[in-house]
Amino acid sequence: MRLRRGALRAALALVLLPLLTPAGAVEPISLGLAIAGAAASALTGFISYPRLYCYFRECCLNRHDRRAAAALQENLDKKLFGQHLVSKVVVKAVRGFLNNTNAKKPLALSLHGWTGTGKNFVSKIVAESIYKKGLQSKYVHQFVATLHFPHAHSINLYKDQLQSWIRGNVSICPRSLFIFDEMDKMHAGLIDSIKPFLDYYELLDGVSYRQAIFIFLSNAGAEKITEVALDFWRNGRTREDIQLTDIQNALSVSVFNNKNSGFWHSTLIDRNLIDYFVPFLPLEYKHVKMCVRVEIESRGYTVDEDIVSRIADEMTYFPREERIYSDKGCKTVDAKLDYYYDF
């Protein structure tokens, strides 16, 4: 800091020099070169200072831990609808982990629920709260089962590649974020290849993984989540009455025994390496309308409540008799808006 201030004072002195000395005392060309050199030195002092350097180029852990947690809370409060459990659990888990200077293991979150309930959206918000570039950050790594691991006969190759990728990226940035989408379509056993990275090891081959974050997304367990939500509704209780303890244990057992999930009989569950199973409740009619309003506003249009209702009415709902929950959540809202607006 002293060096940086010294460089700035030197540059300022050179800028003021012509005003303090008789005309012609310094040759114009020499003065120009001197000022340029001092300015360059001052700028170098700025850029070499870590926090200032990170304003110009992306750094590992771009934002201070407290700012990241605050940004996460703010964005979830404004943009996520009908998911009180998600907001509470994700913010608490991420904030506590980021503020823990002596974590014993990486943070592992497993997000579960029907399509369109916000799993991808929340993982995106988590990424954006930690890194300014969000999912585009070089420290955020997203895997989609059907895209990156499509062939069952290549399972051993995938395991080797996945382990090498995680090892290499955590070596570069300890606070790397890994997102695994479509866990219900991942080949059983593949996810267990990363078990060592999620365990309570101080070092593995000289690398610590204790600052990394892993997020898994899956539809597995959605039936169990809906079952709990319906029981509350039929008993005259609101969805906000549902607590994590009402779902989490049953959810983890359901996912563990689901043969169509990458977590089928997984050691990650058996060894309690998943810190939180986060349930995404099915969205109701009123939540779909909230999604429509936000999407209209994001496109710069005035909200037309008639269009909001018409789009929400076009959605299909379940169970067939009660028609409480949208079977696609908010997933098709964007496409439906294109029909009503000449964008």
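Glycine is no exception: its Cβ is also placed from the backbone N, Cα and C atoms.
Summarising the annotation, TrEMBL assigns signal peptide to 1-25.
Sequence annotations record features per position, and here TrEMBL assigns transmembrane segment to 35-56.
Residue density at Trp114 (ATP binding site): 22 other Cβ atoms are found within 10 A of its Cβ, drawing on all protein chains shown. Positions annotated as ATP binding site by TrEMBL: Gly113, Trp114, Thr115, Gly116, Thr117, Gly118, Lys119, Asn120.
Per TrEMBL, domain 'Torsin-1A C-terminal' is recorded for 283-340.
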Average model confidence [pLDDT] within the domain 'Torsin-1A C-terminal' (283-340): 93
Which listed residue (Thr117, Asn120) has most other Cβ within 10 Å, given these are binding-site residues: Thr117
